[in-house]
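What Swiss-Prot records for this protein:
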TRANSIT   1-30  transit peptide
BINDING   HIS140, GLY181, HIS182, SER183, GLY213, ALA214, ASN241, TYR362, GLU444  thiamine diphosphate binding site
BINDING   ASP212, ASN241  Mg(2+) binding site
Amino acid sequence: MALQASSSPSMFRAIPTNTNASCRRKLQVRASAAAAAANGGGDGKVMMRKEAASGAWKIDYSGEKPATPLLDTVNYPVHMKNLSTPELEQLAAELRAEIVHTVSKTGGHLSSSLGVVELAVALHHVFDTPEDKIIWDVGHQAYPHKILTGRRSRMHTIRQTSGLAGFPKRDESAHDAFGAGHSSTSISAALGMAVARDLLGKKNHVISVIGDGAMTAGQAYEAMNNSGYLDSNMIVVLNDNKQVSLPTATLDGPATPVGALSKALTKLQSSTKLRRLREAAKTVTKQIGGQAHEVAAKVDEYARGMVSASGSTLFEELGLYYIGPVDGHSVDDLVAIFNKVKSMPAPGPVLVHIVTEKGKGYPPAEAAADRMHGVVKFDPTTGRQFKSKCSTLSYTQYFAEALIREAEADDKVVGIHAAMGGGTGLNYFHKRFPERCFDVGIAEQHAVTFAAGLAAEGLKPFCAIYSSFLQRGYDQVVHDVDLQRLPVRFAMDRAGLVGADGPTHCGAFDVAYMACLPNMVVMAPADEAELMHMVATAAAIDDRPSCFRFPRGNGIGAVLPPNHKGTPLEVGKGRVLVGGNRVALLGYGTMVQACMKAAEALKEHGIYVTVADARFCKPLDTGLIRELAAEHEVLVTVEEGSIGGFGSHVAHYLSLSGLLDGPLKLRSMFLPDRYIDHGAPVDQLEEAGLTPRHIAATVLSLLGRPLEALQLS
C-alpha cells in the first residue's frame, strides 16, 4: 500500500499498489489536487479551473507558484503516455501556468513558448523521444519541450550563467535532437536524419517544427524540394501564427506579414470548403474506425484539390503530403492527426499545417503589441516588465537616430532588415520613412543582394543585420557586393558577446570575415558618439562597400554630435586618446573603454600607457601603428572578436614592415578560440579574459612584473 495526500482530515489515504498505472496516476493527481486545495495551495495557489460551458481551462495568474498536480507527475515524456485527452488538456494548462510563473522570474522568450504548449504536449504524447527526433526551428518556443524532458527543476536557471540554454542544445539533453538559434534549418536537419535512419535500417520518426516566419527563408524551400525528391518518411509541422516578422518589427505593433507565403497560408486558413471537407473526413474516420483509411483518404484528396486552381498546394508541388489547417490549440485534434501520420506505413514527407496564437492563454501577451516575444522579469498578474532604468539609450537606438538624420538630409538613404525591425532599430526608421524601409522576411541572402541591386541604381542602402545573422548571407556579401564594389552599408548589430542568447547569437566573427574582403571598409566605434560619426562616414562612402559593428547594450554617456547628426570621419585614420610611454594599448571598438580603464589601473603601478582608438580595421591606420610600434616597448591590441580579426591585421602589417624584427613586444587580446556559453555579459568577459584587469595584468607580465600581474589576474 502507498500513502497519498488526501482531502480528508488525516490528509492521507491508501492507494493499492496493485492498481494499474493509468488509474494509479489519476488517483495520485486527484489526491495531489485535493491536498493543494486543502492547504491553501501548498507550494502554489490553486489558479486553474475548467469552465463547464466551454470546457476550456481558465488560468488566474498571480505571483505565487501555481499548483500543478498533474505536471508534478511528469518528469519525462514516458510519464505522459497513458494520459487521456482531458488529462493532456489539464497538463497543457498547468504547463502554461508554469511557463508564465518561471519566465516572470527569469526573463526569456515567452510568447512563442505559450503558443506551442498543446503542440509540445501532443508531440511528446504520441512520439517517443529521444528515439524519435523532434527538431525545433529557431528554438524560441522550446520551453515546454524542456520542461517535459527532465529539465523542469532547472528552468529557473534558463539563459543564466551555467544554467539551461535558451535554445535546444544537443549536449544539454538527449531529447534535443538538433541545436537551434538561427532560423529555417530544421527541415534540412530533419531530412538528413531521416535519410540516415533509412540507411542505417532504423524505424524511428523524425519531426521538424517550423514557424511561418522561418518559412520565408530560402533554405526551408531548398530542404522541402529535396525532401520531395528523396521521399524519406518525415513530418514537417508548420506552426502558422501569422508572425512572418518578429512582432517588434514596427513601433505600431506587429508588422504586416511579409511575402506571398503569408497570403497563401491565409487562403488555406480561410478556405471554408477545405474546412468543411476536413470535418467530413474526420467524421467518416470516427464512424467507421479502422476501415476509414480509404474513404477518408478519398475525401482528403478531394479537399486538397480544392486548395488552388491547379489542384494542389505549394507544398504538394514540392512533394509533401499536406494536412491542414489544424487547430494548433486542440490537443484532441493534434493527437489524432499525429497518430494517423505515425501509423501510415510509407507516407514520405508529410506537412501538417497548424494554426496557433503567439502568447496563447496569457492575456497580457495576447494584448501586447509585441506579444511579449522576449521579456525581462515581469509581474505575472499584469504583464508589466521590470525594465531597469538607464540614463543612456541602447547602441541600436543611437544607430537608428543617426540613420534617420542621414535620411532626412539625403532621400537616397534606405534601410533593409530581415524580419528584425525592432532588433535592429529600423522600426524607428520605418516610422519616419515607411516607404524607404524594407522588411524582406527572414532572408539574409536576399537582403544582401536586394541591397546590392538598390546600390547599383544609385540609392544608399543600409543593410541592418545582427553580426551572427549576416553569416547566413556571406556569399552574397562577397560575390554580389564586394566583388562589384557596390556601396552597400552593413550595420552589424549585436557584435561581440551577447549575454543570455549565447553562442548562437554571439557576434564574434564579423571582423574576420569582413576585413578579409579586398574592397570593404571595416569600422568599429568606441562609443555611441563614434557610432553616429560612422553612420555618417558610411553614408559618405559611395565608391565601395562599408560596414560598422556595434554591441548589444547601452551607450556610455558620450557627448553626442549636435542634432544627433554625425560627421564623416577620415577613412583609415585612428586617434590617440591618452599619451604615455613604454606601453601602448590599441583598442578596437568598445574595447577602447576597457583599455582606458586598464590605463587607470596601471597608474597605481607607476605605469603610464598610451591608449589609441583604431577606429578602422580596414584600411588600417598604418601611420598610427608604425608610430606606436616605434615609440613603445610593448604594443597590445584589444578587441571583442575572434582570432583572425583586428589583431591579426595589425600583426600582419608589422611583420611585413619589419617592425617585429626589433625589440617590440606585440600581444593580441581577443576572444578565445572556442564558443562561450550564455550568461551574464560580465561573466562572459571574465571568461574571455577581456576585462580591464586582464589587460593590465598582460601589460605587467610583458614588463617583467609577473607577481603584480598574478595579483591582478
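Placement of Cβ uses the backbone N, Cα and C atoms for every residue, glycine included.
For the binding-site residues ASP212, GLU444, counting C-beta atoms within 10 A of each C-beta gives the highest total at GLU444.
Each residue contributes its Cα atom, and for HIS140 (thiamine diphosphate binding site) and ASP212 (Mg(2+) binding site) these two points are 14 Å apart. Within 10 Å of the C-beta of HIS140 (thiamine diphosphate binding site) there are 25 other C-beta atoms, taking all protein chains into account.
For the thiamine diphosphate site, whose binding residues are given in the record as HIS140, GLY181, HIS182, SER183, GLY213, ALA214, ASN241, TYR362, GLU444, the maximum C-alpha distance rounds to 32 Å. In this structure, GLU444 (thiamine diphosphate binding site) is part of a helix by DSSP. In this view, GLY213 (thiamine diphosphate binding site) is surrounded by 28 other Cβ atoms within 10 Å of its Cβ, with every protein chain counted.
Long-range C-beta contacts of ASN241 (thiamine diphosphate binding site), restricted to its own chain and to partners at least six residues apart, with a cutoff below 8 Å, comprise GLY115, GLY211, ASP212, VAL355, THR356, GLU357, LYS358. Cβ-based neighbour count (10 Å, all protein chains) for HIS182 (thiamine diphosphate binding site) stands at 22.
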